[in-house]
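Notes follow the structure.
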């Protein structure tokens, strides 16, 4: 047993130059843990509250001094004396201390920072890597990476409506080889875009952010890049999309406006038709947030039409919340959940969401946020839970590569027991 003797938070910066919360946990044994909280650009209405100061004279109102003070002045005294390995007890104590359904009093960014730092300190105390401490000796599956190589929507300053166009190197025999394949396609895409006279600057998540004629054109140039890199789309590499449709859903009309394509006033059924058409024309294996987070009828229709052959991921739809997920499971909506630790605010609740998804036959995709840091905790979480998939950006920007590098270290450490399932990680669809 090693008790917590001090918890300290500070304001640091994320990959967009915005403040976020870093937390350090100290124990009587000398074990130590540190974690930094990520932040999203496109956020679901039902996410746990990210506490910002709102003081326009500091960081344009995005400061997190209040969240930092909540850690140092309220949470720290409460959890001092806890056994650092009592993750569930510590998380529960913070949830009760906050006392709101959405962590709006103390802030999910304050609570999560402590939750993650506690896990790091506990792993340090028992002398195990974080993935092994959290997952035990069954933690051995490396996730299939979903690499966002073209950014659009709120993640880029371009005219592309859909937020992310991803490649999934499912044909690789190992995680290490999947990274090589992804990097080669990424560099091939840069050459393809350059030859077409298109911008090769990158967006928030490290993918390219060119102005394109349509969302379909984004898929076309990626196919060209896959072939240029020497791979075959639909065999070695599949495609995925995070549509983030809540970002272009018109609440006043109840319709979808694809401004980049000049198509407005689309109904839910017309959006579903569009996705079905794209899936016939391209080897798309995963679609995230195809309809607005509150358009459950639309999600139901999408699931009925293509849910047997395409992974349908709920991000804004489920917000890593077991109550939302349980409702989706009951109604037969989507077949996968995106797991973002800061949407719910504690590791304990994160693991509960993953477990609920697996019991229901849903896949779970561990995910970064668009505002990231050098913290690579989610890489360990993906392996600890044998999630099978991870979404953590493109093949550029250190804040994204940090997660891939950590997974490469884990695979190397696991050696022969490491498992990379590739296409088998999409176990609930027909491929």
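Glycine residues also receive a Cβ, built from the backbone N, Cα and C atoms like all the rest.
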One of 140, 176, 324, 391 listed by Swiss-Prot as binding (2R)-2-phosphoglycerate at the site of 163, 340, 369, 370: 391
Per Swiss-Prot, 242, 288 bind Mg(2+); matching candidate in 308, 315, 316: 315
Nonlocal neighbours by CB distance (under 8 Å) for residue 288 (Mg(2+) binding site), same chain, sequence gap 6 or more: 164, 240, 241, 242, 243, 244, 312, 313, 314, 315, 338
CB contacts for residue 369 ((2R)-2-phosphoglycerate binding site) [other CB atoms within 10 A, all chains]: 27
Binding-site residues (340, 391), the one with most neighbouring Cβ atoms at 10 Å: 391
Among 163, 370 [binding-site residues], residue with fewest other Cβ within 10 Å: 370
Rounded to the nearest Å - Cα separation of residue 205 (active site, proton donor) and residue 391 ((2R)-2-phosphoglycerate binding site): 10
